[in-house]
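K.L.:
Got a structure here, written out as structure tokens. Questions coming.
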Amino acid sequence: MMEPGNVQRSTPNVQRSNAEGASSLDVGRWTLDVERSSERAAIFIRDVSLTFPGKRLGDEIAVLDHVSARVAKGEFVCLVGPSGCGKSTLLNIVGGFLTASSGEVLVEGQPVHGPDPRRIFVFQENGVFPWLNVRDNVGFGLRGKSKEEREKTIAHYIAMVGLTGFEDAYPRELSGGMRQRVEIARALAANPDIIYMDEPFGALDFITRLKMRADLVRIWQAEKKTILFVTHDIEEAVQLADRVLIMSKRPATIQQVVEIDLARPRDLDSPRYLEKRDEIFRIMGMSLRVGETLSV
Amino acid sequence: MPRPALRTAHATTLLSFALPVGVGVMFLLGWHAAVRISGSDLFPTPVEVGRGLLELARQGLLLKYVVASLFRVSWGFALAVAVGVPAGLLLGWYSRGFQAFNPMIQIFRPISPIAWIPVAILWFGVTDAAPIFLIFLASVFPITVSSIAAVQNMQPVYLRAAQNFGLSRGELFRQVILRASLPQIITGIRIALGVAWLVVVAAEMIAVNSGLGYLIIDARNAGKRYDLVVAGMVMIGVIGLVLDLLVRQLEKFDEVRWGYARR
């Protein structure tokens, strides 16, 4: 894996100089907003850029271009963008699995230096351990806890994700949706402050996805965790999030932020829901027309 | 097809038993007929081989030779596992170590254990240590190479998940790297056991004076007893099958079953 090493710390007041057009102005305003609220943020992303070395010597591929964003404590934020735009890359930087070329990420006020058990990542490709049964997977983050506490916590979260009765099953005996539930339960059982989710429902069928989303919102409301959720599915973002950060195509910036001020549980037929959905479609559609190639 | 599922399942089980038995019977009949038709007085019929086996059993030689061969395989193989699995895990994990040692491994690996027989006799003489050394050599490379590959092919998502939960180095090795590699390591062990069993017979023909390999070469040299030669071959085949079935049982544990093709 390529890990650009030198992290340059840029001062908060530096404004982007190559601002052009309406969307860049939005980014400018957004950056100011981000800085004002940095203290109470759970996640604070400031001017993060990432470039990979290209195939030829000296070539550089810019993936992220001065991305700034903020996620408040207890907030559910979705990160959407065209496929390949770098939203997973950004989540991996925030999660500590990748290092940014420049800029900084503060989580709970501290710079990120690597993965941390207080913030658990739920992976797109399902990171449930196939050699452990459901019980031991869910209890994986509970090393060092007493036996009674372990068992109580495991039972609690297995019940929360609706897998009671499957404690002794192995992942290969479960459906894709059930495996994703195990991973969510494993994350919750470790009692993190933040959960990062990288297209966790991407491989599931439509009906299962709808059900998983409803359950995730229910769990989030009960557990009051901060969730940063990456998806390419606009409907999914509008169904889940308090706010949706829309990324542009590569090199990606946060193009716009859409507040989803809809009460939960959300009515997927209501005019307000459809309005929000279409707003995001419009914003992303514009970015596709501006780009040289369509990347859907 | 509206056939009752139970009857179908029953018929399938019966068939899966009847087919191989049928082939075996055909083989024995063909063998018997071929010996009779050719009129050979040296090569035995299946019945004569059966009598030979009984004779060996009555003399106590059969059990003695089988135990001797299994004893050598157990030691050589256990040593190979004890060296090959840790070495493979380390070389799979530390890419510098892999770079340093892999060319040497690839040079030693294609040298047939048979080629080592003179060296083994030079070093260990006509003792049990010679075949044990040869079996070790034959099985340590498949085990090491498959253990290296197992670690290198591990899905990175397991590692990242484990790192996320803040595992120490030792915990990471024991609870994730070893567990994720186990299915492929077991496959390597299975292949290596097959090779080890091939080699013990060859080694016993030259380096010692007991065991199934010795039985074969001795039966031929001392009076052209081809019924005993073939009896030795039959025992080698049957024990090889049993060993493979035993190792296959390892693949059925829930902890590793995920690593094999979906069944």
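Just so you know, glycine gets a Cβ as well, placed from its N, Cα and C.
TrEMBL feature annotations, pasted as is:
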- B:12-34: transmembrane segment (TRANSMEM)
- B:66-247: domain 'ABC transmembrane type-1' (DOMAIN)
- B:73-95: transmembrane segment (TRANSMEM)
- B:107-126: transmembrane segment (TRANSMEM)
- B:132-151: transmembrane segment (TRANSMEM)
- B:191-216: transmembrane segment (TRANSMEM)
- B:228-247: transmembrane segment (TRANSMEM)
K.L.:
Give me the stretch from B:12-34, B:107-126, B:191-216, B:228-247 with the greatest number of Cβ pairs under 8 Å to the transmembrane segment (B:73-95).
P.N.:
B:191-216
K.L.:
Restricting to the same chain and to residues at least six past its boundaries, which positions have a Cβ under 8 Å from a Cβ of the transmembrane segment (B:12-34)?
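P.N.:
Counting only partners 6 or more residues beyond its ends, the transmembrane segment (B:12-34) has Cβ contacts under 8 Å with 45-47.
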K.L.:
Of the stretches B:132-151, B:191-216, B:228-247, which racks up the most C-beta pairs under 8 Å with the transmembrane segment (B:107-126)?
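P.N.:
Counting Cβ pairs under 8 Å, the winner is B:191-216.
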